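*Asks:* According to Swiss-Prot, the record shows the following:
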- 39: N6-acetyllysine (MOD_RES)
- 78: phosphoserine (MOD_RES)
- 123: phosphoserine (MOD_RES)
- 143, 146, 202, 205: Zn(2+) 1 binding site (BINDING)
- 143-150: repeat 'CXXCXGXG motif' (REPEAT)
- 152: N6-acetyllysine (MOD_RES)
- 159, 162, 186, 189: Zn(2+) 2 binding site (BINDING)
- 159-166: repeat 'CXXCXGXG motif' (REPEAT)
- 186-193: repeat 'CXXCXGXG motif' (REPEAT)
- 202-209: repeat 'CXXCXGXG motif' (REPEAT)
- 365-412: region 'Disordered' (REGION)
- 391: phosphotyrosine (MOD_RES)
- 394: phosphoserine (MOD_RES)
- 395: phosphoserine (MOD_RES)
- 409: cysteine methyl ester (MOD_RES)
């Protein structure tokens, strides 16, 4: 006998774990004929078990998962599917697909309703300071007039079209001895499995068993919460007879801020300064997310390079559930250089005397050729990738024949 983790599906088909593909097919055909709903109307569940077992064991990938890991292998390797929860629960004593979707079974065995997911847009200020807000939602609740029965006592009858199952099973023959089972929601009862005569229906809910109700939730957005974090209201989703209500889940969506960008518990911002500030020190003020006016000072003599980053410790976002601890604030400096010809040429020599001296120009031996640096617009590209140099003696006619500007430095 092959060494497998579980044999329940093999036992359903009555074959050993090492059964070949032909043996599986032969066993399935025999059992499918015996328990076909047309031949044996009371064996619908048994037919589902047989079909499920054959579907798994006839698929090499699913069979390998099942052989190696048993139920757990199918649990983790399956993508889930509607209507399969009852089959797997009957075979293995537990749901396979319930945990994969929004609908499952609760601990007390009752079917669990779907969760209701709602986006909640919040500002960065809300996430920094915390916020309490009210959210109005519309949901289904059990009708109080009929206690969720849909009509007076005894008026509810089992749907004869689907025999109370809520679904209709259709069998399609693929080949002699091989059939495919398909199921769809019963149109007579809309999947309820029950019908109520129109004269006996509840006047308040019109036989629907539930009515719409407006629910107002008080939502607490705690300090330090993040984009994508969830706030859950357990059991507050739609109600339905015989079903445990699911949860209302609010998904936080952080709105873009005009000054700050968030990275975990840290904040980032960009600040523009002039050349004189970069060289001679500066002071500036900005408004933080809690309304405080923060003064930033940088001493004269300490140079700020273009694009450099400095940090202010402890001025980032508060930590979730530990709001007295905060991340850091990172400030990137955009140094704005003066425009061309901003100073009188006579003053340039005075400025040069104040700045660090130039590096010495090395002596060049041999012939040289002088070229001119021109302005370059990086958004226009480099002229189709052609390697060209802008020479000082280029004529207007020659320039117009080129496909774009020459290689130049970006103007600041």
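A Cβ is built for glycine as well, from the same backbone N, Cα and C atoms used for every other residue.
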*Asks:* Count the residues of the repeat 'CXXCXGXG motif' (186-193) that DSSP assigns to helix (H, G, I), to strand (E, B) and to coil, and report the three numbers in that order.
*Replies:* 0 helix, 0 strand, 8 coil
*Asks:* Checking distant contacts: for the repeat 'CXXCXGXG motif' (186-193), what same-chain residues at least six beyond its ends satisfy Cβ-Cβ under 8 A?
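*Replies:* For the repeat 'CXXCXGXG motif' (186-193), the far contacts come to 158-162, 164-168.
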*Asks:* Measuring CA to CA, name the entry from the binding-site residues 143, 162, 202, 205 that ends up nearest residue 39 (N6-acetyllysine).
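*Replies:* The answer is 162.
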*Asks:* Using C-alpha atoms, which one of the recorded positions 123, 152, 159, 162, 186 comes nearest to residue 205 (Zn(2+) 1 binding site)?
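*Replies:* Its closest listed neighbour, by Cα, is 152.
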*Asks:* Excluding 159, 162, 186, 189, which residues of the same chain place their Cβ within 8 Å of the centroid of the Cβ atoms of the recorded Zn(2+) 2 site?
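*Replies:* Surrounding the site, in chain order, are 160, 161, 163, 164, 165, 166, 167, 168, 187, 188, 190, 191, 192, 193, 194, 195.
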*Asks:* Using C-alpha atoms only, work out the spacing between residue 143 (Zn(2+) 1 binding site) and residue 186 (Zn(2+) 2 binding site) and round it to an integer in Å.
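*Replies:* Cα to Cα, residue 143 (Zn(2+) 1 binding site) and residue 186 (Zn(2+) 2 binding site) are separated by 23 Å.
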*Asks:* Determine, for the Zn(2+) 1 site, the additional residues of the same chain whose CB lies within 8 Å of the mean position of the CB atoms of 143, 146, 202, 205; present them in sequence order.
*Replies:* 144, 145, 147, 148, 149, 150, 151, 201, 203, 204, 206, 207, 208, 209, 210, 211
*Asks:* At a 10 Å cut-off from the C-beta of residue 146 (Zn(2+) 1 binding site), count the other C-beta atoms across all protein chains.
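*Replies:* Other Cβ atoms found within 10 Å: 23.
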